[in-house]
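Engineer: I am attaching a structure below and will ask some questions about it afterwards.
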Amino acid sequence: MAPANKSDKDRVIIFDTTLRDGEQCPGATMTFEEKLEVAELLDDMGVDVIEAGFPITSEGDFQAVSEIARRSKTAIIAGLSRAHPADIDRCAEAVKFAKRGRVHTVIATSPLHMRVKLNKTPDQVIETSVAMVARARNQIDDVEWSAEDGTRSEMDYLCRIVEAVIKAGATTVNIPDTVGYTTPDEYTQFMKTLIERVPNSDKAVFSVHCHNDLGMAVANSLAGVVGGARQVECTINGIGERAGNAALEEIVMAINVRNDKFPFWNKIDTTQLTRASKVVSAATSFPVQYNKAIVGRNAFAHESGIHQDGVLKDASTYEIMRPEMVGLKQSSLVLGKHSGRHAFVHKLEEMGYKLGPNQLEDAFTRMKALADRKKDIYDEDIEALVDEEMAASHDRIKLTSLTVIAGTHGPQRATMKLDVDGQIKIEEAEGNGPVDAVFNCIKRLVPHDAKLELYQVHAVTEGTDAQAEVSVRLSQEGRSMTARAADPDTLVASAKAYLGALNKIVMKRQRDTVSAAAAS
Ligand SMILES: CC(=O)SCCNC(=O)CCNC(=O)[C@H](O)C(C)(C)COP(=O)(O)OP(=O)(O)OC[C@H]1O[C@@H](n2cnc3c(N)ncnc32)[C@H](O)[C@@H]1OP(=O)(O)O
Ligand SMILES: CC(C)C(=O)C(=O)O
Ligand SMILES: [Mg+2]
């Protein structure tokens with residue numbers, strides 16, 4: 001039913017061709033089961049017409065279209081066919097199982113395509129179109145006719161052929177921008193002129209089908225609707241021939257968000273858009289570009305401090321739609337080198353940390369330093385960084401700097417600067433490997449007889465730039481102390497972990513001395 005302030009004439013029929021035009025692009029072929037899964041999802045999310053395939057293509061495509069037709073709930077199931085008797089019959093046979101089926105027949109109408117590709121005169125193309133639409137209508141009530149390369153066709157000729165196919169029984173007339181050539185104002189005018197000049201245009205729904213060769217598929221589709229079309233052909237994630245088709249999620253959200261400019265309505269449940277994007281991406285193995293409108297992983301993510309601060313104060317500062325509208329739980333604040341303190345504090349609070357002003361400032365500085373070296377900062381990185389910050393706040397021995405020479409030509413050599421009770425000390429040491437050199441350096445700087453009982457390294461997150469988390473256990477006089485430290489540099493993490501355990505030993509010894517003195 002139409003929303004309160006809208007009528008049926010403002011309704012835009014959403015025709016999804018992910019399973020036909022989407023699947024046509026190299027590498028996007030889906031299995032039978034994947035096609036069924038995508039079709040079910042499209043049906044559930046309120047797509048009006050699902051173009052399930054091109055039945056003459058192969059036995060597999062015929063079976064997929066037939067099965068999708070059998071399982072269809074409310075959507076019309078369409079199949080594509082050339083303007084060829086065998087194609088039409090095969091298509092009608094496949095979609096006949098649907099509650100509502102559609103035969104979609106296509107033929108090119110541009111001078112170039114008719115002459116070079118079809119080797120037919122314009123009159124022959126009209127004759128064939130009329131015959132094929134009539135043939136389809138003899139088998140099914142719902143017939144769509146498409147003028148391939150429509151936007152490069154001559155207007156007078158297009159008016160003639162469109163009038164003829166509507167007379168022959170076409171219920172939908174599609175004027176594709178097959179090669180993504182048109183522009184928004186041109187396409188609005190094109191559709192307007194065609195609809196005005198074709199005498200029986202009120203007997204069919206006019207449709208747009210735009211390709212993205214110049215990145216204008218969505219803008220052109222909307223412009224075509226402004227020009228009078230009431231069906232939009234599109235695909236999930238904008239997949240399709242060459243640079244793709246108009247993206248369904250972008251069309252639908254543009255109509256929802258800018259209804260002042262596009263005063264139309266459709267039946268899509270927008271909260272399923274994110275899921276649909278993921279299902280199609282998985283089925284086709286086509287990754288979704290990070291900055292893809294609506295469904296890209298950055299579409300509702302903010303890393304810049306000024307933006308994060310704005311979003312925390314009021315999301316509408318930097319978001320023109322709420323993430324819940326497209327099926328996301330919430331927008332995300334990603335920490336990185338562009339982040340500010342507001343977002344950092346917010347993230348810490350979310351993770352259950354409450355730091356004092358000095359600790360917070362230190363942790364923030366270290367997060368920035370880490371972000372300069374590491375591409376992605378995960379919650380685990382923050383956790384490692386803050387835990388270490390809290391543990392290190394009372395340390396008597398602190399690492400100031402470390403340089404290690406490693407490689408195939410040993411011996412490995414470490415140069416280390418430590419702050420020991422406020423005094424800066426520097427030393428060099430060699431070792432049997434870089435870690436050994438680092439630990440030998442510490443022993444020179446802070447002589448001790450603790451034994452190394454455990455040394456363990458693992459990656460905190462994924463990737464070659466992941467932080468290394470090192471655990472070190474030292475034992476002295478029957479007591480063991482363990483410490484952990486994380487850093488993108490494994491040797492720095494090793495030094496910090498060793499010093500963490502050593503600090504614990506020193507602190508413990510200090511506490512024991514104080515309590516012994518108190519007892520005597
Ligand atoms: C703009 C679009 O997206 S249109 C849809 C494009 N999609 C596809 O092509 C995917 C499925 N296609 C296929 O599986 C095959 O191309 C088939 C089964 C349709 C045809 O295969 P073949 O018979 O081997 O022909 P082939 O694909 O090599 O050539 C196409 C033939 O169809 C003709 N043709 C092209 N478009 C049409 C049309 N709309 N109506 C009638 N004939 C057409 C061509 O002129 C050519 O005919 P010719 O052999 O007399 O020169
Ligand atoms: C089959 C038609 C509608 C098509 O995909 C195109 O012209 O791009
Ligand atoms: Mg196409």
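Placement of Cβ uses the backbone N, Cα and C atoms for every residue, glycine included.
Predicted automatically and left uncurated, TrEMBL annotations should be read as such.
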Engineer: Which candidate from ASN245, ASN256, ASN259, ASN266 does TrEMBL annotate alongside ASP21, HIS209, HIS211 at the Mn(2+) binding site?
Structural biologist: ASN245
Engineer: Between the binding-site residues HIS209, HIS211, where is the Cβ count within 10 Å the lowest?
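Structural biologist: Counting other Cβ atoms within 10 Å of each of the binding-site residues HIS209, HIS211, the minimum falls on HIS211.
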Engineer: Relative to the Cβ of ASP21 (Mn(2+) binding site), which residues of the same chain, six or more apart in sequence, are found under 8 Å away?
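Structural biologist: Same-chain residues close to ASP21 (Mn(2+) binding site) (Cβ under 8 Å, separated by 6 or more) are GLU51, HIS209, GLU233, THR235, GLY240, GLU241, ASN245.
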Engineer: Compute the centroid of the Cβ atoms of ASP21, HIS209, HIS211, ASN245, then list the same-chain residues not in that set whose Cβ lies within 8 Å of it, in sequence order, for the Mn(2+) site.
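Structural biologist: The surrounding set, listed in chain order, is THR17, PRO176, THR178, CYS210, ALA217, GLU233, CYS234, THR235, GLY240, GLU241, GLY244, ALA246.
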Engineer: Going by DSSP, is ASN245 (Mn(2+) binding site) part of a helix, a strand, or coil?
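Structural biologist: For ASN245 (Mn(2+) binding site) - judged by DSSP and reduced to three states - the answer is strand.
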Engineer: Would you mind giving the whole-number mean pLDDT across the region 'Regulatory domain' (398-520)?
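Structural biologist: Average per-residue pLDDT within the region 'Regulatory domain' (398-520): 89.
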